[in-house]
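If you check Swiss-Prot, you get these features:
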BINDING   Arg37, Glu38, Asp42, Arg150, Arg151, Gly152, His153, Thr154, Glu174  D-ribulose 5-phosphate binding site
BINDING   Glu38, His153  Mg(2+) 2 binding site
BINDING   Glu38  Mg(2+) 1 binding site
SITE      His136  site 'Essential for catalytic activity'
SITE      Glu174  site 'Essential for catalytic activity'
Amino acid sequence: MNQHLLEQFGTTHERVERGLAALRTGQGVLVADDADRENEGDLIFAAETLTPAQMAMMIRECSGIVCLCLPEERVSRLGLPMMVAHNTSSMGTAFTISIEAAEGVTTGVSAADRVRTVQAAIDDAACPGCLRSPGHVFPLRASPGGVLERRGHTEATVDLMRLAGLKPYGVLCELTNPDGTMARLPQLVDFAQRNRMTVLTVEDLVAYRQDKGL
């Protein structure tokens, strides 16, 4: 990880605090993982404040596979089975079956429809009947211990929401370059500068939690 590129966003703790402040005000953050892991950066928004314009940005600027990060108890409450019984993904990414809101959507693929699906899944009264499958939103189940258990974007997303005092649900999508290749840290920083966002890393979040005993 090129720490020099990250210095403009502050120290390890400052980057996390800035990210939390952004999420509390409905803004997005960019989270990078290690170069020896996925070596990717994800654009992340709080699920409870997500807007169609923010969803459209994710669809336009990112991979298009918009994921809803959920803690295990919410996955269970919604009755979502895992996508496969035996996960052979290199990173062990815990996809459930994809979802669509049962009501209030058309084809489910538009930005507004995907936001509606996210809202249906995180509603306080949400139940299995509130959703249909398959759909155009891809839930991910976070490990219970967060980034201290698994250093993935899924866990970082849920941890950030909890630390920000928000509902523990977040939406992410991998940032891509205009040619379709994956954005690495230099491109992530450039995107952040152009869109007035902050960048932090999964390792920042690990250190923050460990230092504060969270």
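For all residues, glycine too, the Cβ spot is worked out from N, Cα and C.
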Ten-angstrom check, please: count other Cβ atoms within 10 Å of the Cβ of Asp42 (D-ribulose 5-phosphate binding site), all chains counted.
30
If I take the alpha carbons of Asp42 (D-ribulose 5-phosphate binding site) and His136 (site 'Essential for catalytic activity'), what is the distance between them in whole Å?
18
About how far apart, in whole Å, are the alpha carbons (Cα) of Arg151 (D-ribulose 5-phosphate binding site) and His136 (site 'Essential for catalytic activity')?
26
Conformational class of His153 (D-ribulose 5-phosphate binding site) under the three-state DSSP mapping:
helix
DSSP-derived structure type at Glu174 (D-ribulose 5-phosphate binding site), helix or strand or else coil:
strand
Among the recorded positions His136, Arg151, His153, which residue has the largest number of other Cβ atoms within 10 Å of its own Cβ?
His153
